[in-house]
């Protein structure tokens, strides 16, 4: 049985006139839409019921047949078929044109396909199509040549000279005749010959032409189909006309455009019937051509057709393009039923896997379930009365709702959803009021706060959806970030403050040194005010060891005892194998935010997520309870200004006076003076800050808040009670007058004014950053969306070599971090003892990584997606661990999207500023987000470094006019490089350099690295450089995410010599397809093709995908579709995006084809 939704691929091509007529249910002959009196569609008009179907269900136009019983009858009076009105969404019509017109996409696109086929310039073609010149179709026995362009005058002269011996024409008819005469096979052979013979521009043109010719040859499209005889009319429901209040009508722009075409077409028919003079007919044909152009792509040629208010009308192309177009608005993102949204409030009483759902919202969301249960329980007789009960909100309904909700998870989402933790599943708990309640620990993942944020709720309906929500999306199972595998559900703010307060130790507190027989006794003493939480006390601890109860007195505080009650005592902070330490508390230290992170991390590793979820809730309760009990508040007197501040300021002012004197005497330059002043004030600011921190009491609330990591940092305290310090002006240059005051003392007007630059720049920066970061994420998702783990092991023996990533001498990312959770290529052997630390094929754990670093190993060869041999997607062994679980990655994991989200999500944190290095004419070094974009788009960087193309010895020569570096290799080959003024040279005279080494400072062009040092070098370079940017901002991202993107950038090869294969010279081909073609050629004893790896930027790479649906929905929709139609492309539907567009399950996770045939059966208990 053929099912419409069950297909494996989708093909796009040019439509032949026959095909268009076959789609159509009738010809639209009149430009009328609806009758202004009856408001019924006009017959043969754009909304005609006879062509497109009835407007009302089961009712013909004249009203002779009404009701469903006449289904399928065609009315004998009005000719309308009695059927459902929704056929008006799918039935098409057509317009028979009186003269053929060209399709603007194929004539005007870049490159002009029609022009390439006919070997004519687009300008000449435009003249012919728009009736400004003649073209010779058949020169006969005359000296004219075929396809020669004749002006009006030349044509008349030739007519006089040669009479009827030759044929020339104008307009689309002439072009169609020329297209029909083309013999593609002959032309293809000719062009291949020409490519072998010619060089330069001629060869490039021939290659371009061959591409178009081959596209037509292989797709079975005929060139003359680029000229339209008949135009399809899309269904009326897709270009609706609706009545507004006040009796006016609003109509889709397409109707206006169609109307113009029909009017002009009818006028042309009439003129032809009347036998009007040629010049009038020609003008009308030109106008018809322009009307059709406007309908297909308004504004592509000449001035766009405008509607009322000078607004360009939206043509068929505009309906597909952009964010509001069909692809992105309706196919990739749809609004869904069973959803609601509301403001969020905090729910500290909830468990981590729960959320509070307002009662009225829950009732509406679960309405069908409630109705069914009411009927099943016999509370209502039928569904209709159940619906009434729910609508009247009877008391029984609430009890039923409670039961329905019990085992039914809901999804909560907060916009913007930057990574997959932006949607998580929770078990709903009914709450009064109209706000959603959110657990405080999941706020970090959502980046939510309670200052008025809203969130959306969605209900998973099917059994499978509920199972996925429960097992994969439940918040308790998502405690780790997919970016770097660190915990994301870490207590913040009050909870941190509470834990800090609870575990702090106070010397000389009340009851210090008292001894208690048990913890209970200590708690009693505390309740009676005998001791404080922070007093040092001794308590006898009891533990059962090997079945024997032992005890020992330990020194600690009551707070720490209480805190440890919540914490498992086997996390590994204390070495329990040591008999002296059996009784020690697991957490016997001051707990701030970082310590909490460590506790949770260890708990997940030791006990797994379920136990950790319980631990998190316990810490949350303790934190809230004791931050309330501690009652830590801020008063203005807590900002204690250090006494030494005045002294430091005075000293610095004296220092600056000296500097200014030196400058006035001409001993130092202005630049040096400026730098010294800045350095002096920076030092003063740091000294004051240090004095301030040392001056604050350990129990000062401000100090506690910042030390524990609950809120605020040193920098903010410095501004409150130290000195505000130096400010930057609008260009980012530091102003040399610092703000000496702090907020406690108050600023002078001048100081306040200086500080406004920075404040505003911050806001402007943030707004720009958000947009840029979102666009970067979108491009990353598009380039990597079809990377899915497709198999367990691809069996490759290749890998990449990893070392510490360094920037100068500073280690940015350590080796251990880079190898945890990866598979080694071979055995990793201890260099001295020769013992095997990790066998090949076993994942490197944290402990292994420690051993490797201890053994002094500096380089490790690991498997990587960069060298993975899976044809589509990657394999689990090359990818390594799934960071969100720490286990091996499952087949079906959508690692491409995870990679894109992991790189895109922190994008907003990266700074925008391109900052100036001091010194003479310092190059701008791009940093932050623009640098990441520059790398991923593989652009030529700003501040380009010159690199050596050969290995050899350096000689630097400086003359008055120029600096030059000459590199001489051992075999006498030399290369010389001119050094622009202001560049800093990195090498010195007589140095040995390798090919690809930098000669001057700056960023290297990745394309040069690929050319000189090869593929592995450019991969390493890109990964390292992106890591540098993120690590500078303190953002940790695992290498594998960047590797996934880089793999996609290097997927293609550029064919240099096609040999005897069917590949086209200069074409971009997938690496795997290329290897396959060559293997085929070699097997047949033919000459294989030669190609070079191509490095594409992410936008280019996303558009170069095999899937035209994915590319068209990304950018440049018309260009992608034009090309795809000519090539007759088939979309194999392997990626995620294409499947979303056509409405199938995505081929990842349980949607993979290998799981498709599994049937689900319900087990009744």
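If you go along the chain as it appears here, the first residue is 1 and each next one adds 1.
Glycine is no exception: its Cβ is also placed from the backbone N, Cα and C atoms.
Quick caveat, the model's predicted, so the values are computed rather than measured.
The Zn(2+) 1 binding site annotation in Swiss-Prot covers 60, 62, 75, 78 and is backed by sequence analysis. Marked as Mg(2+) binding site by Swiss-Prot: 449, 451, 453. Annotated Zn(2+) 2 binding site per Swiss-Prot: 794, 868, 875, 878, in sequence order, evidence recorded as sequence analysis.
Summary of the Zn(2+) 1 site environment: with the site residues 60, 62, 75, 78 set aside, the chain residues having Cβ atoms within 8 Å of the Cβ mean position are 61, 63, 64, 65, 76, 77, 79, 80.
Cβ proximity to the Zn(2+) 2 site centre (mean Cβ of 794, 868, 875, 878, cutoff 8 Å) flags the following additional same-chain residues: 791, 793, 796, 863, 865, 867, 869, 870, 874, 876, 877, 879.
Under the DSSP three-state reduction, residue 878 (Zn(2+) 2 binding site) is assigned to helix. Put simply, residue 78 (Zn(2+) 1 binding site) is 66 Å from residue 794 (Zn(2+) 2 binding site) when counted between their Cα atoms.
Sequence-distant neighbours of residue 453 (Mg(2+) binding site) (same chain, 6+ apart, CB under 8 A from its CB) are 343, 344, 414. Separating the Cα atoms of residue 78 (Zn(2+) 1 binding site) and residue 451 (Mg(2+) binding site) is a whole-number distance of 62 Å. When secondary structure is read from DSSP and collapsed to three states, residue 60 (Zn(2+) 1 binding site) falls in the coil class.
Residue 875 (Zn(2+) 2 binding site) and residue 62 (Zn(2+) 1 binding site) have their C-alpha atoms 64 Å apart, to the nearest angstrom.
The Cα atom of residue 868 (Zn(2+) 2 binding site) lies nearest to that of 449, taking the binding-site residues 60, 62, 449, 451 as the candidates. Taking the centroid of the Cβ atoms of 449, 451, 453 as the Mg(2+) site, the other same-chain residues with Cβ within 8 Å of it are 344, 448, 450, 452. On a Cα basis, residue 878 (Zn(2+) 2 binding site) lies 44 Å away from residue 451 (Mg(2+) binding site). Most Cβ neighbours within 10 Å, among the binding-site residues 449, 451: 449 holds that distinction in the structure as shown. The number of other Cβ atoms within 10 Å of the Cβ belonging to residue 75 (Zn(2+) 1 binding site), over all protein chains shown, comes to 20. Neighbour counts were taken as the number of other C-beta atoms within 10 angstroms of each residue's C-beta; across the binding-site residues 62, 878, the minimum falls on 62. Taking the C-alpha positions, the distance from residue 449 (Mg(2+) binding site) to residue 878 (Zn(2+) 2 binding site) comes to 39 Å. Other Cβ atoms within 10 Å of the Cβ of residue 60 (Zn(2+) 1 binding site) number 24 in total over all chains. Taking CA atoms as the reference points, residue 62 (Zn(2+) 1 binding site) and residue 878 (Zn(2+) 2 binding site) are 69 Å apart. Of the listed binding-site residues, namely 78, 794, 868, 875, the sparsest Cβ surroundings within 10 Å are found at 78. The secondary structure of residue 453 (Mg(2+) binding site), as reduced to three states from DSSP, is coil rather than helix or strand. For the pair residue 878 (Zn(2+) 2 binding site) and residue 60 (Zn(2+) 1 binding site), the C-alpha distance works out to 64 angstrom.
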